[in-house]
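Copied over from TrEMBL, here are the features:
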BINDING   ASN36, LEU38, GLY63, GLU85, ASP111, ASN141  S-adenosyl-L-methionine binding site
DOMAIN    43-234  domain 'Ribosomal RNA adenine methylase transferase N-terminal'
Amino acid sequence: MAARGKVAAFNLPPLPTVGEIIKLFRLQAQKQLSQNFLLDLRLTDKIVRQAGKLKNAHVCEVGPGPGGITRSILNADVEQLLLVEKDPRFIPGLQMLSEAAPGKVRIVHGDILTFKMEKAFPKHLKKNWEDEPPNIHIIGNLPFSVSTPLIIKWLENVSKKNGPFIYGRTQMTLTFQKEVAERLTANTGGKQRSRLSIMSQHLCTVENRFVIPGQAFVPKPEVDVAVVHFTPLVQPKIQQPFELVEKVVRSAFQFRRKHCFRGIETLFPESERLKKTEELMMAADVDPTLRPFQLSMSHFRNLCNTYRKMCEEDPSLFAYNYREELKQKK
């Protein structure tokens, strides 16, 4: 019996184990979808703890699969759990979990890359961007094939304050291949410093929380997996549109082992490449002999701000595409 004055915490009733669900519905991880199941509920509990306190929270779980993390989220006593699952084979097992937690679970059979997150949560949960994050969380053990395009899409949403960030600074707790997680969190000069490092860190606080060995998954992937936590920043470190920042950063890292001016010059048409690159590097006060991974966030801020001014002086500049020019030459 619960102690007087205390409400008993929510607990799922006895259910088949995740392993038994996999056998019951004859579920097999599909290699082409880069699926890997996590069956150890101690690990799924640990992943969910990285999101912070979830009591009475609204959570969206991406790709729940056979429902290991789903159980841990429900046991954290959330108010509502939205499950977005692309693979129809997993829906019956998730419905079993939904029936065990009446009124708490909504299942959407769909692709998270196209799902309209703007309508995922109740409007009353919205917070101002400057306020503390809303009581909304995105959690997911992402298939490797979707993790990078999905985080880029969500970073664009952060920049534009739309999608799941229409509610405020929604926090995310997601899994990535260890190497991708290292890129997301790499510091200036680190060997994993990349486009992902700049795009994520200029918009969010990004923390690599812990690593899960590959053997914990079924089937065992060839790599280890890391759990990464994102909290959008109140002010981005580069105050420019997402598309402009991404273009500058992508260009800079195009030749990551060469001097940075070699990538930066791909921002400009061949006819004026040398002159414009020199102008940009000088105005941004960036040493052209630095390697791209040696450039700090303030270097990228200066490059983006200067490039923006150049685009305002010559509106055709932003539309220029280096790869298109290469194709036409060929």
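Positions of Cβ are set from backbone N, Cα and C atoms, glycine also.
Please treat TrEMBL annotations as automatic predictions, because they have not gone through curation.
What you are looking at is a predicted structure, and each value in this text was computed from that prediction instead of being measured.
Neighbour counts of Cβ atoms within 10 Å were compared for the binding-site residues GLU85, ASP111, and the top value is held by GLU85. If you count neighbouring Cβ atoms within 10 Å for each of the binding-site residues ASN36, ASN141, the highest count belongs to ASN141. For LEU38 (S-adenosyl-L-methionine binding site), the Cβ neighbour count at a 10 Å cut-off comes to 21, with all displayed protein chains included.
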